[in-house]
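Asker: The structure that follows is given in the form of structure tokens.
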Amino acid sequence: MLGVLVLGALALAGLGFPAPAEPQPGGSQCVEHDCFALYPGPATFLNASQICDGLRGHLMTVRSSVAADVISLLLNGDGGVGRRRLWIGLQLPPGCGDPKRLGPLRGFQWVTGDNNTSYSRWARLDLNGAPLCGPLCVAVSAAEATVPSEPIWEEQQCEVKADGFLCEFHFPATCRPLAVEPGAAAAAVSITYGTPFAARGADFQALPVGSSAAVAPLGLQLMCTAPPGAVQGHWAREAPGAWDCSVENGGCEHACNAIPGAPRCQCPAGAALQADGRSCTASATQSCNDLCEHFCVPNPDQPGSYSCMCETGYRLAADQHRCEDVDDCILEPSPCPQRCVNTQGGFECHCYPNYDLVDGECVEPVDPCFRANCEYQCQPLNQTSYLCVCAEGFAPIPHEPHRCQMFCNQTACPADCDPNTQASCECPEGYILDDGFICTDIDECENGGFCSGVCHNLPGTFECICGPDSALARHIGTDCDSGKVDGGDSGSGEPPPSPTPGSTLTPPAVGLVHSGLLIGISIASLCLVVALLALLCHLRKKQGAARAKMEYKCAAPSKEVVLQHVRTERTPQRL
């Protein structure tokens, strides 16, 4: 078939007919060093593959979601072709196989000879176990896609003519679109680009090496070129010297002097123009870094030449020397989960209201009381901390703030009683329960013996102010006995530590009798008295029983005499 086409073209050329026109793409997109183009028109898989090969490319491979997005862009701007089917570079060799055992491509291969992919979008998800037999080819279409932005893949007979095809081209380097200085003159400038794969237009994100640019009305014809091994190309022309300074800085490596009708490139001090009239040669005494805004990398293969580089978050400006900020927030996908704020050389991520930024992700705030172990109730303070609160009449325990204890700051408070029986009641420390289920403050000062100084009764406790004659003069605590305050270690030979005047901390009461202890002592004493009385009663009963037994034994002989059998004599009857 290919031989017939070649012979036909030669025959037409020999007869003087013009050669077939080069196919014009209906749309194209370039991503870094790869370009993709849509060519409308009926063609079999073989015809489409030959045309792409003739343009130094191949039918498109769709190995990732990025390539699928490119197809969506091309289909949206193709004027209706997207509603039909387009060949891509995926085919099934002759033979049959089980698609379930052949990976995501079901045994199909790319025209590049491999089956590497991280993406697939088959129209028929389940083949019901039916084997696939080649040869088959794949076309994409958005007509029956459930998601318009994700065209589906359909198996087709390779001899069937599709409505068009997609080609893919790879280039070692690309150029950015021409930079035009803003102003009144810029509005009149019109640029038309042409690519090696016959795409023409004014809206390109990147142009591969070999692309041309026609600048009207200046009459400029520029070409995207790059030295061997370079990945970033630049715009140039065969004629030496600068062109209009408003377009790409006149092509000058350093500065462009906009002399009317005769623009000229200038180099920094110590450097000279090269033969092309646009490049500069650095002097041996000049530092390379003086020529670039951020970093300068000398080219060891070409003495005097260099390349400028920028820090992360910046890119080279059109003059290839200055650095301009990259707006990271316009990238797709966005670097932030919700809101992105661009900064000089970077960006900041922010979250919507009621969300928190945690490890680069926006998450709903977690209730700080979720894992709290509060005995009664938890009160959030902020997004990370909380406070345990207690019921009325209770307060947190200082050393265990998640637990509660009874609290009373008056001379009398209601007791905490069992609501079922009312037989079990508790009072705070320093209070005693009366008959009316009321906790009454124990007046330690009235009882005496607790303070040798001036005693002030307080709710639940007391305060002892030591007199001037005391070893702890002016000390405020619960005792003025230095031995008790010092813990009883009066014979250690060490002087007692000086108390802090005016201390508000109440030390542990040494010798203070707790109300519960008083009740316990009373109950124990009563039990002891009852036990003694019981013991006396038992001894008296035992002594009485022994005496009765002895009396019984002593009286036994007389009782036996009395109880012996009495013999009676028979008395004769008188007549």
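Each residue, glycine too, has its Cβ placed from N, Cα and C.
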Asker: Of the listed cysteines Cys252, Cys256, which one does Swiss-Prot record as disulfide-linked to Cys245?
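Answerer: Going by Swiss-Prot, Cys245 is disulfide-bonded to Cys256.
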Asker: What residue among Cys455, Cys464, Cys480 is stated in Swiss-Prot to be the disulfide partner of Cys466?
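Answerer: Here Swiss-Prot pairs Cys466 with Cys480 via a disulfide bond.
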Asker: Quick one: which of Cys158, Cys167 does Swiss-Prot link to Cys137 by a disulfide?
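Answerer: Among Cys158, Cys167, the cysteine that Swiss-Prot links to Cys137 by a disulfide bond is Cys158.
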Asker: Could you tell me which of Cys349, Cys362 is bonded to Cys351 by a disulfide, according to Swiss-Prot?
Answerer: Cys362
Asker: Check the candidates Ser28, Ser490 against Swiss-Prot and report the one noted as O-linked glycosylation site.
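Answerer: Record lookup in Swiss-Prot returns O-linked glycosylation site for Ser490.
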Asker: Going by DSSP, is Cys445 (disulfide bond) sitting in a helix, a strand, or coil?
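Answerer: Once the DSSP labels are grouped into three classes, Cys445 (disulfide bond) ends up as helix.
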Asker: Looking at the recorded positions Asn115, Cys252, Cys369, which has the shortest Cα distance to Cys388 (disulfide bond)?
Answerer: Cys369
Asker: When the Cα-Cα distance from Cys362 (disulfide bond) is computed for each of the disulfide-bonded residues Cys252, Cys310, Cys390, Cys417, Cys427, which gives the smallest value?
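Answerer: Among Cys252, Cys310, Cys390, Cys417, Cys427, Cys310.
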Asker: Want to know which disulfide-bonded residues, from Cys256, Cys390, Cys404, are within 10 Å of Cys374 (disulfide bond) at Cα; which are they?
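Answerer: Near Cys374 (disulfide bond), where near means Cα within 10 Å, the disulfide-bonded residues are Cys390, Cys404.
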Asker: Can you check which residues sit near Cys425 (disulfide bond), meaning Cβ under 8 Å from its Cβ, same chain, 6 or more apart in sequence, and list them in order?
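Answerer: Ala415, Asp416, Cys417, Asp418, Leu433, Phe437 - these are the non-local Cβ neighbours of Cys425 (disulfide bond), listed in sequence order.
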Asker: Which residues of the same chain, at least 6 positions away in sequence, have a Cβ lying under 8 Å from the Cβ of Cys378 (disulfide bond)?
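Answerer: Cys378 (disulfide bond) has long-range Cβ partners Pro368, Cys369, Ala372, Tyr386, Leu387, Cys388, Val389.
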Asker: Using a 10 Å radius around its CB, how many other CB atoms surround Cys390 (disulfide bond)?
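Answerer: Excluding its own Cβ, Cys390 (disulfide bond) sees 19 Cβ atoms within 10 Å.
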Asker: Please report the distance from the Cα of Cys351 (disulfide bond) to the Cα of Asn382 (N-linked glycosylation site), rounded to the nearest angstrom.
Answerer: 17
